[in-house]
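First comes the structure, then the notes that go with it.
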C-alpha cells in the first residue's frame, strides 16, 4: 500500500470514480471542503452509523436515542458558553493573504520539532507560500454559523446552526429521564448534522463546515465519573479495532490541563495515523468528562430543575456527564484509509497485475455481494438476475454482466464487496455457482439453493 499521504490523493480519485464521494456544487465550480455522498458512499456512511447505533444503543439497556432540532433557541447557545467561548484564533499571512488557525500552525510545528516555537508565529513558515514570520497577530473568530428565524432578518430573529448535537441532548435530559423511566447511570445517544464555520477546513472529508456527529451523553453520579470515563475510553477504542482498524494506527492522546475546554475535567482523544501533511496523527473521537457543567448551567439559566433524585440513597444531585463524541465523516475516512490495499493478482492471461482491494469489514461494506453471470447471455443473465433479486431482500446486492469477468471482480474488490457469486454455463446443468471471497480470492462451488444460507453465515451482523 502507498503511504497514507499519497493514498489520500488516490482515495479521493477512487471515491469520485466509484460513487463514494463527490465534490459538492461541482458544476458551479464547487464549494471548498463541501462533499456529497454518492450511491456507494451513502451505503458505507449508513453502515458506519448503523454499527455505532447497534453498539451504543440497541445492544445496551442503559442508553436510549434522541433526534433533536438543528436550530435551537438562541438562549441554549448563550447558556452553554458557545456564543462567548466557541472561538478560534485567526491569523493571516501578509504575503499570500491566506488565513489559518494560529493554534493549528503552532501544533503542527510542535508535532514536527518536539517543542513549541520559541517566538510563536514569528518562527513559522506559511504552509501556502513559505514566507517566514509573515503572520498577523491572531484575533478571535466565532465558529458559529448564523441564520435567521422568522420574516425579519434582525437581531430578534438571530439563531445559530448547531455546532454540536450535545446541547440538544442536555436540554431534553429531564424529558428523557422521566418518559423512559431511566435511572442513573444512563445515556442518551444522537446522530445528526452539525455546522462549524471552520477557518481552515480540508483533508478531504476530515474537516468540513457541515458534518455529521455520533454522540452519547452518559449521566453518572459524581464520584463515579472517573471510572466511567475510563470505561468509555476503553470501550470506544475497542469498537474501532473490532471493525477492522489496525490498532497500530490508533493511539490515545491526553489533553493537557491548560488546553482543556471550559467544561472539561479531562478529555482523551482517540487518534488515527492519517499522515496528513505536517501532522501524522488526527483526532478520530473525543471522550470528555464534562462534569456537571452543562446541566448546572442550563438549570440555572432556564430556571428548570435538572437535578436527579436517587430514591435508593435518598439524595439529590446534578449528574456528571461522560461524552464519547465521534464524527461520521472522519470515521468513514478512517475505515477507507485503513482498508485500502494494493496487491497483485493474475489476469486472464496469467500475468500478474496490480489489484486494488478495499478490505472493509463486511458489516461496513457498501455492497455485500455481487452476482455476475460469466458473460452477457440469454440463458445466464436472467438466472443471475433472479438470484440477485432474491438476495436483495436481505442485503445490498449488485448485478453486473458488462465486460470480462476478471475486470468485474476487480471492480468489486475496489469497492470492498466481500463476495462475488458467478453464474456460468455449468450452472445450467448442475444448478451450482462459484462464490469468490474478496481478500483471499478463494473460490468455492455450492448449490444455487444454498447461496443465501452460505452468505448469511458469513455476513452476520450486517
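Cβ coordinates come from backbone N, Cα and C, glycine included.
The annotation substrate binding site is assigned in Swiss-Prot to 101, 164, 211, 212, 213, 214, 215, 323, 324, 325, 326, 327. In the three-state DSSP scheme, residue 211 (substrate binding site) is classed as strand. Around residue 211 (substrate binding site), the C-beta neighbours below 8 angstroms that are at least 6 residues distant in the chain are 193, 194, 195, 196, 327, 328, 329, 330.
Counting every protein chain shown, 26 other Cβ atoms lie within 10 Å of the Cβ of residue 284 (ATP binding site). Secondary structure at residue 284 (ATP binding site), as computed by DSSP, is strand. Marked as ATP binding site by Swiss-Prot on the basis of sequence analysis: 196-198, 206-211, 283-284, 327-330.
Within 10 Å of the C-beta of residue 198 (ATP binding site) there are 19 other C-beta atoms, taking all protein chains into account. Nearest Cα neighbour of residue 324 (substrate binding site) among the listed binding-site residues (198, 207, 209, 284): 284. Here residue 326 (substrate binding site) is positioned 7 angstrom away from residue 284 (ATP binding site), judged by their C-alpha atoms. The highest number of surrounding Cβ atoms within 10 Å, among the binding-site residues 101, 207, is found at 207.
Ranking the binding-site residues 324, 326, 328 by other CB atoms within 10 A of the CB puts 328 at the bottom. Note: the Cα of residue 209 (ATP binding site) and the Cα of residue 326 (substrate binding site) are spaced 15 Å from each other.
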